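Enquirer: Let me give you the structure first, and then I'll get to my questions.
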Amino acid sequence: METGIGSVDGPKGAPSGAVACPATFPASSPTFVGSPEATLGRHLARRLVQVGVGDVFAVPGDFNLTLLDYLVAEPGLRLVGCCNELNAGYAADGYARAKGVGACAVTFTVGGLSVLNAIAGAYSENLPLICIVGGPNSNDYGTNRVLHHTIGLPDFSQELRCFTPVTCYQAVVNNLDDAHEQIDKAISTALKESKPVYISVSCNLPSVPHPTFSRDPAPYFLAPRMSNQMGLEAAVEATVAFLDKAVKPVMVAGPKLRVAKAGAAFAELADASGYAVATMPSAKGLVAETLPRFIGTYWGAVSTAFCAEIVESADAYLFAGPIFNDYSSVGYSFLLKKEKAVIVQPDRVTVGNGPAFGCIMMKDFLTELGKRLKKNTTAYENYKRIWVAEGQPPESEPGEPLRVNVLFKHIQKMLTGDSAVIAETGDSWFNCQKLKLPDGCGYEFQMQYGSIGWSVGALLGYAQGATDKRVIACIGDGSFQVTAQDVSTMLRCAQNSIIFLINNGGYTIEVEIHDGPYNVIKNWNYTGLVDAIHNGEGNCWTTKVTCEEELTAAIETATGDKKDCLCFIEVVAHKDDTSKELLEWGSRVSAANSRPPNPQ
């Protein structure tokens with residue numbers, strides 16, 4: 001991690017020099033030294049547009065107001081005002097999932113520390129996100145002044161220290177002489193590292209002309225990272241020898257396929273090798289589930305039916321971009337052996353217990369491996385022998401209270417290539433994992449960080465970025481209560497997502513790990529709340545369903561007459577109506593959490 005901090009002294013003599021006009025922008029009158037357009041604010045705004053940001057999710061505060069003026073004025077950039085900073089960060093997270101990079105803008109400390117949790121989540125999920133903070137006046141650095149929006153000390157570095165562990169680069173821009181360099185390095189680092197960055201801009205600098213901004217920013221040329229060719233050949237040779245001697249090898253996709261941009265290479269390898277293919281839960285949506293030998297989600301004891309049996313009985317498995325943690329391993333209960341595994345990370349390959357090879361790009365490795373492996377369909381043939389078609393939920397009696405498995409039977413029927421699914425932390429994790437995604441259907445959830453409430457902001461951002469899809473969000477009542485306010489912003493942005501609010505009276509996922517009275521929440525009139533937020537402005541439709549007949553009618557309306565509306569469907573479920581996978585997973589995670597201390 002790097003931190004760039006401007007000088008605490010006043011402005012120095014301006015260096016000369018200019019950069020070329022970017023080919024990505026239409027021809028326009030150039031800006032010259034002394035031009036009121038040759039400003040930091042305009043440069044930052046243009047850079048955001050240039051790297052693919054079309055929407056910045058923001059909360060105004062006195063330290064960022066001038067900077068926000070420049071974001072508003074920039075053609076191709078839309079400022080999306082959010083109800084709070086946490087949701088602005090979650091929205092930037094969702095936008096980055098849809099568009100490849102996201103951005104948010106908040107004010108100093110009170111805004112920065114509010115957005116921090118969302119930035120940490122984006123860091124854990126390897127998302128390039130640009131967090132812009134309006135900072136103190138440049139003249140206040142190096143003085144003994146106490147400012148508002150601080151903890152009452154003349155040290156302005158508290159916010160920076162908090163952001164350092166959860167961003168890959170931090171730029172404190174309090175001097176125009178090096179502002180150009182700091183901003184460009186921060187944004188390029190976010191793209192190269194696929195992690196969030198922090199940019200603090202002193203509140204008095206965005207509108208001040210400076211010679212370094214006298215030309216439009218030249219487009220970035222970010223050279224792709226290259227594999228060490230000798231290492232690549234050695235890694236492929238060792239892996240081929242390891243896998244070709246196996247009788248029934250399999251391959252499993254992990255979440256770091258996204259950061260490695262290796263999804264297509266993985267699919268090509270799957271086709272060439274003939275191996276049975278599974279995904280880890282956090283990689284759902286990164287690999288097409290219509291691949292010929294796809295067998296489902298590998299999640300240990302809560303895997304798709306017959307998937308774990310094939311993966312864990314294999315005599316060799318290739319994991320591409322895995323993250324093994326207590327949640328993905330179901331309380332460390334995987335039945336995998338290191339000596340049977342080839343672990344392919346974005347820039348490293350480990351074969352069994354060794355050897356290991358560095359400076360190997362995943363995409364290059366998977367591509368070359370596909371040219372060399374012998375085709376072996378044994379594991380998939382074994383899967384076909386044991387596979388039995390899954391059952392359907394029993395038919396509901398007229399007026400029978402709605403069961404969650406019936407809800408997801410109907411959600412499955414709604415999915416097309418023009419859909420996307422957002423799954424909130426909780427039982428929706430497990431129910432949404434069982435959905436079969438058509439080609440082109442998006443899927444997102446936050447497994448590594450698992451912050452409840454993430455889905456509301458992420459839905460806002462994802463829908464804003466993926467305008468070609470209608471997004472279906474499955475959100476529990478407990479999670480919704482954390483971040484509900486930004487349904488308001490969805491309406492302001494004229495989004496037409498469908499929210500299924502699953503009202504079962506509490507934090508069901510926590511109940512299955514460790515129950516207590518703290519897992520019961522106050523029931524809200526959820527449709528009434530959304531109607532109040534709507535307040536006659538924008539297109540919104542709400543309904544509450546308690547049985548299958550009402551659910552069927554609601555879905556028909558949401559996909560028919562109200563297809564252009566934001567649709568909010570409250571689904572009333574019994575508090576103990578959970579997936580069998582959550583029951584199993586919860587007991588195993590509980591056991592892992594409650595392990596006694598090792599003897600001292």
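Each Cβ is built from the backbone N, Cα and C atoms, and glycine gets one as well.
TrEMBL: automatically predicted annotations, no manual curation.
Residues or ranges marked as Mg(2+) binding site in TrEMBL: D477, N504, G506. If you look up TrEMBL, you'll see 39-144 marked as domain 'Thiamine pyrophosphate enzyme N-terminal TPP-binding'. Taken from TrEMBL, the feature domain 'Thiamine pyrophosphate enzyme central' applies to 237-353. Per TrEMBL, the feature domain 'Thiamine pyrophosphate enzyme TPP-binding' maps to 447-571.
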Enquirer: Residue counts in helix (H, G, I), strand (E, B) and coil for the domain 'Thiamine pyrophosphate enzyme central' (237-353), per DSSP?
Expert: 39 helix, 27 strand, 51 coil
Enquirer: What is the total of other Cβ atoms whose distance to the Cβ of N504 (Mg(2+) binding site) is within 10 Å?
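Expert: Counting Cβ neighbours of N504 (Mg(2+) binding site) within 10 Å gives 22.
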Enquirer: Around the Mg(2+) site formed by D477, N504, G506, which additional residues qualify by having Cβ within 8 Å of the site's Cβ center?
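Expert: Sorted by sequence, the hits are G476, G478, I502, N503, G505, Y507, T508, I521, A573, K575.
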Enquirer: Are there any residues in the same chain, six or more apart in sequence, whose C-beta is under 8 angstroms from the C-beta of G506 (Mg(2+) binding site), and if so which?
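Expert: Set apart from G506 (Mg(2+) binding site) by at least 6 residues yet with Cβ under 8 Å, we have D477, G478, N519, V520, I521, K575.
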Enquirer: Around D477 (Mg(2+) binding site), how many other CB atoms lie within 10 A of its CB?
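Expert: Its Cβ shell of radius 10 Å holds 25 other Cβ atoms.
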Enquirer: Could you break down the residues of the domain 'Thiamine pyrophosphate enzyme N-terminal TPP-binding' (39-144) into DSSP helix, strand and coil, giving a count for each?
Expert: 51 helix, 22 strand, 33 coil
